[in-house]
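Swiss-Prot annotations:
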BINDING   17-24, 85-89, 139-142  GTP binding site
DOMAIN    8-268  domain 'tr-type G'
Amino acid sequence: MSLTEEIKKRRTFAIISHPDAGKTTITEQLLYFGGEIREAGTVKGKKSGTFAKSDWMDIEKQRGISVTSSVMQFDYAGKRVNILDTPGHEDFSEDTYRTLMAVDAAVMVVDSAKGIEAQTKKLFEVVKHRNIPVFTFINKLDRDGREPLELLEELEEVLGIASYPMNWPIGMGRAFEGLYDLHNKRLELYKGDERFASIEDGDQLFANNPFYEQVKEDIELLQEAGNDFSEQAILDGDLTPVFFGSALTNFGVQTFLDTFLEFAPEPHGHKTTEGNVVDPLTKDFSGFVFKIQANMDPKHRDRIAFVRIVSGEFERGMGVNLTRTGKGAKLSNVTQFMAESRENVTNAVAGDIIGVYDTGTYQVGDTLTVGKNKFEFEPLPTFTPEIFMKVSPKNVMKQKSFHKGIEQLVQEGAIQLYKNYQTGEYMLGAVGQLQFEVFKHRMEGEYNAEVVMTPMGKKTVRWISEDDLDQHMSSSRNILAKDRFDQPVFLFENDFALRWFADKYPDVTLEEKM
């Protein structure tokens with residue numbers, strides 16, 4: 001098979017949702033259809049002992065939540081599928097946002113009883129900003145939920161995207177009978193031995209069923225007043241195909257997968273800082289690091305840099321340019337993933353995600369190229385933390401483990417590190433409280449380094465240039481610190497303290513990140 005044909009087989013997407021909408025469960029079912037797991041297990045909390053394949057970190061298994069992005073790959077129906085299962089918890093939106101830079105499409109999972117929730121809306125806005133296609137799976141039809149028409153209306157009003165139902169539920173909860181498949185023009189049956197039936201058989205199968213009569217009325221209304229189906233509008237991110245189903249009972253998931261692969265896009269090009277778009281079919285390899293993960297194998301205290309291949313082909317042992325440093329690197333120890341398990345890979349192509357063993361060479365956002373190509377891809381989003389804690393080792397004899405743990409976990413980008421200019425104290429910044437809990441848990445479990453964490457409350461953060469810096473600017477209402485890149489930064493007590501500082505030093509430029 002030619003390189004072009006291999007690249008065109010790839011389908012790389014992320015699954016996004018609010019916590020508990022069923023995102024990890026649908027991931028399990030997709031892996032089941034891809035033959036990667038023998039049984040799609042229910043995602044449960046710590047008492048059951050049954051863990052999701054994509055939840056590999058110890059704390060994820062204990063709490064039944066996803067706190068880090070997982071990468072999984074399988075072959076299905078002639079396509080090579082790369083799934084990125086992202087954290088649903090809002091505290092880990094930073095990891096999720098960066099992951100969304102590495103995909104060509106998104107699958108949005110919505111709880112049929114709750115509709116569009118806060119985290120779903122936030123993540124959708126990032127996807128919308130990138131104009132990548134969004135496929136919607138409305139989940140949990142095995143439970144009572146809201147009316148389908150009401151859910152479609154909310155999609156359009158809250159998210160501002162047109163929708164087109166690919167199927168329609170027949171009943172819901174205990175009265176759930178199946179799906180009226182508009183795309184494949186058939187019925188998918190929830191009960192009984194037969195999985196499918198013709199639409200012509202519907203009146204006989206559901207005679208005297210009030211739900212089926214309502215379905216026919218809804219579909220007639222949609223055909224008269226709903227949006228037209230347009231493959232181009234889907235690819236442009238202007239129309240979301242909507243699928244109904246139940247991930248828990250594995251109903252409607254395979255139909256979703258088949259139809260998704262029919263319309264999901266091939267790998268797309270990525271913009272450089274100069275505004276050029278790198279074509280995925282270009283033979284020269286290029287890629288970017290969108291994530292760094294420490295201790296995927298706790299026995300080896302390793303670090304993996306996750307790279308999205310943008311163009312060309314990776315071959316084991318190839319030399320690459322690291323544009324940020326201007327230095328070369330050799331890609332010898334490279335893997336692909338099934339959550340925490342991995343296997344060495346000798347080649348991969350545009351659209352694939354590979355893991356490069358990292359000894360501290362790479363940073364999130366790094367561009368890798370070959371030959372004389374020295375461009376950089378557009379930077380990944382960075383976020384200003386909102387809450388802070390001082391951190392120190394509980395046992396001074398564990399200083400070495402403490403520093404190693406902080407260094408590795410900070411390089412993952414899940415938490416940010418600052419050092420007080422005057423005292424040298426370490427301060428951690430996060431988007432949400434759960435990040436601190438995970439940090440503490442991982443420091444103790446993975447590095448055997450207990451930590452003392454002292455809350456500092458919320459702070460308003462602004463960066464300042466070295467040229468403007470004067471240590472006398474520090475006061476009781478702000479803390480002068482350095483970030484992990486040694487850039488000076490002020491942590492202001494509140495917005496009032498920030499305004500007071502800006503009035504006192506009008507010539508000083510204060511920079512805010514995302």
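Start at 1 and count along the chain as shown; that gives each residue its number.
Keep in mind that glycine also has a Cβ here, set from the backbone N, Cα and C atoms.
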DSSP-derived structure type at T86 (GTP binding site), helix or strand or else coil:
coil
Neighbour count (Cβ, 10 Å) for D20 (GTP binding site):
17
Measure the Cβ-based neighbour count of L141 (GTP binding site), defined as the other Cβ atoms within 10 Å of its Cβ.
27
Taking the Cβ of T86 (GTP binding site) as the centre, count every other Cβ atom within 10 Å, in any protein chain shown.
29
So what's the average pLDDT for the domain 'tr-type G' (8-268)?
86
